[in-house]
Amino acid sequence: MSNYFNTLNLRQQLAQLGKCRFMARTEFADGVNALRGKKVVIVGCGAQGLNQGLNMRDSGLDVAYALRAEAIAERRDSYRRATEHGFCVGDYQALIPQADLVINLTPDKQHAAVVSAVQPLMKPGAALGYSHGFNIVEVGQQIRPDITVVMVAPKCPGTEVREEYKRGFGVPTLIAVHPENDPRGAGMAIAKAWASATGGDRAGVLESSFVAEVKSDLMGEQTILCGMLQTGSLLCYERLVAEGADPAWAGKLIQFGWETITEALKQGGITLMMDRLSNPAKLRAYTLAGQLKTLMAPLFAKHMDDILSGAFSQGMMADWAADDAHLLTWRAETGESAFEKAPPFEGKIDEQTYFDRGVLLVAMVKAGVELAFETMVASGIVAESAYYESLHELPLIANTIARRRLYEMNVVISDTAEYGNYLFANAAVPLLRQGFMETLQPGDLGQPLPAEAVDNAALREVNQAIRQHPIETVGERLRGYMTDMKRVAVAG
């Protein structure tokens, strides 16, 4: 197997990177009909597997779970989750041959083995589904020509997929059909029905490609979604304690600060997030964000380049072959960091304090979101895809840190995201520690900014620059489809 993206010529690469179309709600008028009466078999029962299955069953589909024989015999977590929710469970040999749609929702590193095992068992003309295209694009898995290959990728952790569905809503979703595997032209109908069954059509669906989903997903999770949050958490906690802050208070300010700040981002983009600051603090955050973007632009570009070339995937798959030697080392190092070991703080921090004393946190969010978006768009990824893989998902990842700090974030995200997160943070932490953190001024972090006069012309120009950034333009339109979004922040 070889990297599928690298087998394409430049025109094909650009066409697939740039495939992105926001689908009208009328295109989902048939709902789940294309899958009604069909047998859907999900392989894997983790967060995405279980919660997508629950939604699909509640939408009237026939759903079962195929697990490895040893997982059933040993009654592992996946088996218990499926059976406790009343699903039919069987091994591959029992369930795969009767499936009309086999959905592979196992971790990325298991995809090659899983797909190699289920393919020979699939009946002629069946469909194979993914929620992340890594196996097709980066591994280059070859699928039988009679099999239709589709993707439905909710832009949310599995738990949120379920919770939004139960509210009568859904989460924004990308769908795609692999151009090499659509023998009967039925792929789009299957993908649309699957997206409807999970509730995605209620929140907005982008017709994308496997290539665009993978490359943008990898870039977002490595940089702003996980890498920047890890980098900022480690550096900001270190700075606060060095300046004499109570370690417990500092830990809470960082742990819940990301979530509180990005809740404003979720509701009104960078504009609303910056509007939560006082005028002097807004000007200072704008300046800090500009400095951060200048410093980090080469690092963001390197991650994008390595993702496009396949160098990132090649390195990660080598680590898979070495039993995750690097991943496990970096995970252990993160667990021993000062931020992770900070004592609990029993007092309350009111919501506005997270903004007033977290100007640097706001600046880091602004810089990271804009840089990730700009880098993806400059590489041929359409603005809508770049928005979903940067700004949209950030509050959801920040929420995991609020629950159990970086440990929870790295447990919830995929191993692929975790590996990329460490690569980014391992480079960004020393870069910013030496070239940026030492230049901070009083009021940037931990203390309110001293009162000072504001130049009206400067404030006007900053406000215009914030509002006119391309991510704000596309974000305002896409958020219009998500007016029922619930508030997720739990800070206190």
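The backbone N, Cα and C atoms fix where each Cβ goes, and this holds for glycine too.
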Check Swiss-Prot: it lists Glu389, Glu393 as binding Mg(2+) 2. Then name which of Asp217, Asp246, Asp275 it lists for that same site.
Asp217
Would you identify which residue of Arg68, Arg167 Swiss-Prot lists as part of the NADP(+) site it also attributes to Cys45, Gly46, Ala47, Gln48, Arg76, Ser78, Asp108, Lys109, Gln110, Gly158?
Arg68
If you measure every Cα to Cα distance among Cys45, Gly46, Ala47, Gln48, Arg68, Arg76, Ser78, Asp108, Lys109, Gln110, Gly158, the residues said to bind NADP(+), what is the biggest one in Å?
21
Among all protein chains shown, how many Cβ atoms are found within 10 Å of the Cβ of Asp217 (Mg(2+) 2 binding site), not counting that one?
26
Candidates His132, Asp217, Glu221, Glu393, Ser414 (recorded positions) - the one closest to Ala47 (NADP(+) binding site) by CA:
Ser414
Where does Ser78 (NADP(+) binding site) sit in the DSSP three-state scheme?
helix
Neighbour tally for Glu393 (Mg(2+) 2 binding site), based on other Cβ positions within 10 Å of its Cβ:
25
